[in-house]
Amino acid sequence: MGARAVLGVTLAVACAGAFFASILRRKDLLGGDTEASGVAGLVEASRLLVDEAIHTTMRRNLRKRGIFSPSQLLSFSKLPEPTSRTASRAAEIMETAVQEVKRRVCRRRDTDQLPTDVLSEELLSTIANLSGCLPHMLPPSCPHTCLANKYRLITGACNNRDHPRWGASNTALARWLPPAYEDGVTEPRGWNPHFLYNGLPLPPVREVTRQVIHVSNEAVTEDGQYSDLLMAWGQYIDHDIAFTPQSTSKAAFAGGADCQLTCENRSPCFPIQLPTNASGAAGATCLPFYRSSAACGSGRQGALVGNLSWAAPRQQMNGLTSFLDASTVYGSSPAQEQRLRNWTSAEGLLRVNTRHRDAGRAFLPFAPPPAPPACAPEPGTPAARAPCFLAGDSRASEVPGLTALHTLWLREHNRLAAAFKALNAHWSADTVYQEARKVVGALHQIVTLRDYVPKILGAEAFGQHVGPYQGYDPAVDPTVSNVFSTAAFRFGHATIHPLVRRLDARFQEHPGSHLPLRAAFFQPWRLLREGGVDPVLRGLLARPAKLQVQDQLMNEELTERLFVLSNSGTLDLASINLQRGRDHGLPGYNEWREFCGLSRLETWADLSAATANGRVADRILGLYQHPDNIDVWLGGLAESFLPGARTGPLFACIIGKQMRALRDGDRFWWENPGVFTEAQRRELSRHSMSRVICDNSGLSHVPLDAFRVGQWPQEFEPCASIQGMDLGAWREAPPSGDACGFPDPVEDGGFLLCEERGQRVLVFSCRHGFRLRGPAQITCTPRGWDSPPPLCKDINECEDETDPPCHASARCKNTKGGVLCECSDPLVLGEDGRTCVDAGRLPRASVVSIALGAVLVCGLAGLAWTVVCRWTHADARPLLPVGEGEGDGKSPSLPLPGCGNRRDVGAAPALEVEQDLSCGSRGLCE
């Protein structure tokens with residue numbers, strides 16, 4: 001018994017000793033604090049560091065308004081919407097905090113100890129929570145109403161019931177192969193100048209562009225089969241399924257260096273180094289480049305996620321839904337959707353431009369403040385008056401062809417909505433909106449999978465990698481993959497023509513109608529002032545795309561003049577693509593060939609056969625020196641085409657695999673039984689891109705297949721002969737035979753009708769910024785509705801202390817359905833709409849004070865001047881000869897120099913000395 005007691009006491013003492021030693025060790029590693037306070041302080045310090053870098057970026061951007069440098073335009077095109085920005089900021093705070101834990105651990109110990117060995121799982125989760133990442137890592141709450149099977153959520157969440165985050169916006173891009181970071185976790189390929197691949201350094205991306213990719217504008221070959229619309233649709237549909245935001249900061253987190261100026265790799269700055277025999281504008285030795293934002297719970301944050309290890313690599317975020325769902329039209333977040341809808345309409349319409357019309361048709365609305373005025377102003381107008389267009393994707397104003405497609409689909413939604421309301425007067429505005437949105441999404445799917453992708457892959461590869469539709473498969477993850485978004489689908493950049501062709505009503509060119517691409521970047525005023533959408537559409541239909549030829553990959557409008565609106569610099573799209581692949585840690589070309597079941601290329605002969613061009617193989621191997629080192633985007637781009645295709649075997653495999661996943665993993669795919677009726681599916685299949693153009697533009701003739709280049713007029717058909725949908729398939733009889741009818745409209749909300757167990761059900765929702773008070777759904781019973789409808793009450797976001805809508809630098813003012821962040825003069829609201837920044841100007845009160853002071857000083861000076869001059873005049877008068885005053889006709893009156901009179905040349909020089917003496921000094925008088 002005594003021995004047991006002694007043993008028990010010994011074990012207790014040992015455990016207590018180990019426990020307190022563990023506490024002391026953790027306290028020491030966190031800089032002397034206990035776990036909780038140490039972690040909280042560390043996260044707060046990381047938040048301050050990240051926010052200061054973001055604040056510095058916004059301050060610099062404000063001071064550069066009106067200076068349209070290419071890097072600034074690129075930044076605007078990659079500007080995330082607020083929900084994505086919040087997720088990106090949280091990921092950066094989280095990663096910065098964990099990097100600091102790692103640094104402290106390594107500094108105090110010789111071993112490469114992991115944060116998971118130092119902090120408890122509870123405190124690791126605390127870091128995720130304090131940084132703001134946790135909400136972006138948890139599964140969303142999915143609705144269980146009868147609408148769950150009728151309409152997709154705007155965020156794409158809950159499409160898959162078992163994996164509700166699959167395909168949702170603001171989640172990580174999928175990885176089909178493990179990434180190849182230089183430290184295994186986060187550092188891009190090419191980050192460390194002395195890091196070797198197969199014993200060799202990677203070539204600078206700018207040198208790859210110059211030697212392999214670049215071709216002059218005059219040397220391009222045109223596609224004899226496909227129209228420029230094929231290229232434009234590829235860009236448009238890419239913007240429907242993928243958007244990887246750049247870091248929210250353009251200043252280094254450590255030290256605040258400006259990423260537009262520094263040539264050092266200091267996250268998030270990852271500049272493109274220029275060859276030693278070349279320099280950029282003003283002698284620059286690099287081009288600016290910013291890393292893509294990490295997704296929450298990846299990279300050095302991986303240790304903080306339950307089932308992930310420390311080695312979980314950095315992932316990149318997709319700010320859009322992965323699905324082909326027309327997010328280009330409707331957005332990918334509730335806040336964005338709210339900005340796009342016309343809430344005063346009973347027809348479920350989208351907002352249109354209220355200042356400009358296109359021959360009676362709608363233009364896209366302008367983006368409201370505080371969006372930066374990044375679009376180029378019309379010549380002769382102030383730079384501050386150059387808003388970009390507002391659409392579901394922030395890149396809608398990049399080039400006229402892209403803007404034209406956004407405009408077409410805005411008009412198509414409103415056309416369908418008006419027709420549906422005319423057919424079904426009993427439909428609520430929300431029902432009309434959702435039904436039109438559902439049809440527009442289906443048309444995006446049809447045009448892409450039926451008409452576009454087979455032309456890109458070729459019939460054989462399409463059958464192999466995509467094949468016929470077999471129905472929805474809940475085991476298929478539809479999430480857009482990193483290699484698809486960052487490499488394979490960027491093949492389209494090699495099909496961009498250096499000219500924007502605009503044609504008149506007879507499809508003829510005229511002087512000044514064509515624009516070099518550099519004169520069209522971010523210039524929406526050209527559509528407003530130079531003929532509207534129709535001339536651009538005619539050019540897309542009747543002029544060929546550029547053909548992707550191995551030794552003519554990208555023209556100089558993209559490699560030398562990307563986003564160039566002035567002489568303030570340049571960017572190179574080819575180098576950006578290569579650098580982005582390295583930033584994302586994409587494995588090399590051979591790894592992806594093996595992934596697709598293709599043979600690895602080991603020799604020059606192998607590469608020469610794959611490209612069908614020995615000269616190109618020479619150039620590539622001359623730079624990379626080993627086939628395994630070739631960047632996947634370049635390798636896939638250089639492959640010779642498959643039969644009837646516009647890609648080689650590698651990109652055909654990756655694009656086909658992705659498109660099949662987008663189709664088979666989408667519960668709301670248009671062909672999935674139950675999404676549409678059989679009659680509706682039949683009508684949808686009759687529609688085409690040509691019909692959309694006929695219905696929403698001034699064109700009276702179009703090709704039957706809008707993606708095949710047509711010769712005017714013999715290969716164009718009148719719009720009357722282009723078949724389309726009969727919307728009668730969407731006619732519904734109004735409910736009858738019950739005691740319910742329809743309730744009164746809900747202010748700041750709406751309702752949708754569906755059936756549940758044979759009973760009519762109304763499901764209510766509120767606009768963004770409002771909260772339901774009352775039941776979310778009511779059911780029709782024999783005695784009427786089982787409950788009165790709910791109310792929509794405004795949410796006071798300013799009371800949210802866990803996730804405040806405004807930065808601490810701003811005052812929060814609640815508004816109906818939203819919030820307004822206000823700044824005290826001289827601070828102004830930054831581009832994020834929540835932070836006050838210094839614009840580098842004096843306060844308005846100071847300006848007024850200075851102006852009043854200047855007036856006072858001038859007044860006093862004038863008074864003093866008057867006194868001096870009167871005194872001078874009085875002293876000088878006795879020196880005048882008697883009888884020679886004014887009006888005697890003998891002598892002109894003498895001027896008083898400097899006292900307000902006009903000096904007459906040659907007047908009484910003998911009296912100058914006396915006048916000077918009486919004034920006191922010539923300087924005073926003058």
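In case you wondered, yes, glycine gets a Cβ from its N, Cα and C as well.
The candidate list Asp240, Asp258, Asp358 contains one residue that Swiss-Prot assigns to the Ca(2+) site with Thr321, Phe323, Asp325, Ser327, namely Asp240. Which of Cys263, Cys269, Cys296 pairs with Cys286 is settled by Swiss-Prot: its disulfide partner is Cys263. Of the listed cysteines Cys106, Cys158, Cys259, Swiss-Prot assigns the disulfide bond with Cys142 to Cys158.
Residues Asn129, Asn265 are shown; Swiss-Prot lists N-linked glycosylation site for one of them, Asn129. Under 8 Å, Cβ to Cβ, and six or more positions away along its own chain, Phe323 (Ca(2+) binding site) finds Arg152, Gly156, Asn159, Gly167, Ile241, Pro478, Leu662, Asp666, Phe668.
On the backbone, the CA of Cys286 (disulfide bond) and the CA of Asp325 (Ca(2+) binding site) stand 39 Å apart. The Cβ of Cys836 (disulfide bond) has 22 neighbouring Cβ atoms from other residues within 10 Å, across all protein chains displayed. Ranking the recorded positions His239, Cys259, Cys719, Cys823 by the distance of their Cα atoms from the Cα of Cys806 (disulfide bond) places Cys823 first. Cβ crowding, taken as the number of other Cβ atoms within 10 Å, peaks at Ser327 among the recorded positions Asn129, Ser327, Asn342. In the three-state DSSP assignment, the secondary structure recorded for Cys719 (disulfide bond) is helix. The candidate set comprises the disulfide-bonded residues Cys158, Cys740. Of these, Cys158 has the most other Cβ atoms within 10 Å.
Within the set of disulfide-bonded residues Cys158, Cys259, Cys740, the entry lying nearest in space to Asp325 (Ca(2+) binding site) is Cys158 (CA atoms).
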